[in-house]
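To keep things clear, I will list the structure first and then write my remarks on it.
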Amino acid sequence: MPSDHHRPHTPEAQPQAPASLRQDPENSPAQLATLPVATMLSAAAAAASVKTFSTAAAVTCKPAFKPLHLPPLPAAGSRPLSSLSISARPLYRQEHALATVAAAAGRGDRAVSPAPPAATADGSRQVEIAAPAEPAENARRAKIGVYFATWWALNVIFNIYNKKALNAFPYPWLMSTLSLAAGSAIMLASWATRIAEAPQTDLDFWKALSPCLVLTDADRLVAEQVAIAHTIGHVAATVSMAKVAVSFTHIIKSGEPAFSVLVSRFFLGEHFPAPVYFSLLPIIGGCALAAVTELNFNMVGFMGAMISNLAFVFRNIFSKKGMKGKSVSGMNYYACLSMMSLVILLPFAIAMEGPKVWAAGWQKAVAEIGPNFVWWVAAQSVFYHLYNQVSYMSLDEISPLTFSIGNTMKRISVIVASIIIFQTPVQPINALGAAIAILGTFIYSQAKQ
């Protein structure tokens, strides 16, 4: 249907003047003067209407102007005036774009969004200047590299001082308690001085960590074993370090992925692709070869490393189930878990070893080693927490796959460093078993993703 501006002009649409004022050669000025005033006013209004209509018709007959696409003006305060550019070039008229819209409208298309041209008629272009992303990416990679180097270095230092302290003071229950106590004190001081942001926790959060005898449902049953699993895993690893070489403990602990798959498969009913199961063969075979050929093999130390693997697997599974819907960072979560484990471990440490045994062993160690022994105990306690804290900080910046690869490389660095520092005798077949186990761990991390 045509619009009002293009409606055809018909004579009936024009308003008619009164019959008494129609142009007639016989009407003289004298006769017009004798007409009533109302009649003359009506005639004047009709004439004005005719003029207005004629003017509107003339305007509609003019060709329509083509729209000019002007750049939008920036909002006040959105960007500084220095970012604006002034050009003396003529404004660009999107003639080809208008033709595209008109053609599409003729075909009945619903919507047309013509892309702006790449350049104007005089060759000018709109240039968008973006901040280079390469420096930011390089800075992020450098930050991750620093995290990894710090993580590995702190872990190596902890294992060295922990083994030295255990050789002079073979009481793993107290050493485990001191490690958790040092970490708890460091985090409490960090929260008090606002060096680290304190977690926003409630009573349900601490219930999810603490062991409780009153269980309400299956989810609470799973969630409330996290601290117990963490405590058992920490003490068992320390017991293993006290009985066998550091390198042997970490070779056995590299078999933790095998425990993770088996527990998830038979206890939780999870299924994994075939490459994951095949990756367990070199892990299990390498650990077995290293254990058989270990010169200083000790069953207590071997079982301690195996129990530590199993306990940490359950800790990871329980943590995922118990922390659903709780927004706590990894570093703060580990700090809270350490505090709860300290509360659980302290009475068991007293029952297993006791203050009298500790006092006698401490005096003997100080008499044989001197003040360096105190430094060893303090260092192993502080570095234990620091390397775990940095590992959680790096986990916030990288993917789980990268973290798994970094954890594998960490074990290699610890094994090599401990063999060099403690001059641990290693047979070629034993080194081959360790290499196979670590390679299997790397293959597992790739297949799991």
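Glycine is no exception: its Cβ is also placed from the backbone N, Cα and C atoms.
Not measured: the values here are computed from a predicted model.
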Range among 212-229, 356-373, 428-445 that TrEMBL annotates as transmembrane segment:
428-445
Could you check whether the transmembrane segment (274-293) and the transmembrane segment (428-445) come into contact, where contact means at least 3 Cβ pairs under 8 Å with the two residues of each pair 6 or more apart in sequence?
yes
Do at least three CB pairs under 8 A connect the transmembrane segment (144-161) and the transmembrane segment (330-349), leaving out pairs fewer than 6 apart in sequence?
no
Same-chain Cβ contacts of the transmembrane segment (173-192) under 8 Å, 6 or more residues past its ends?
162, 165-166, 198, 234-235, 238, 242, 332, 335, 338-339, 341-342, 345-346, 348-349, 352-353, 358, 377-378, 380-382, 384-386, 388-389
Same-chain Cβ contacts of the transmembrane segment (144-161) under 8 Å, 6 or more residues past its ends?
241, 246, 250, 376, 379-380, 383-384, 386-387, 390-391, 393-394, 397-398, 402, 406, 409-410, 413-414, 417-418, 421
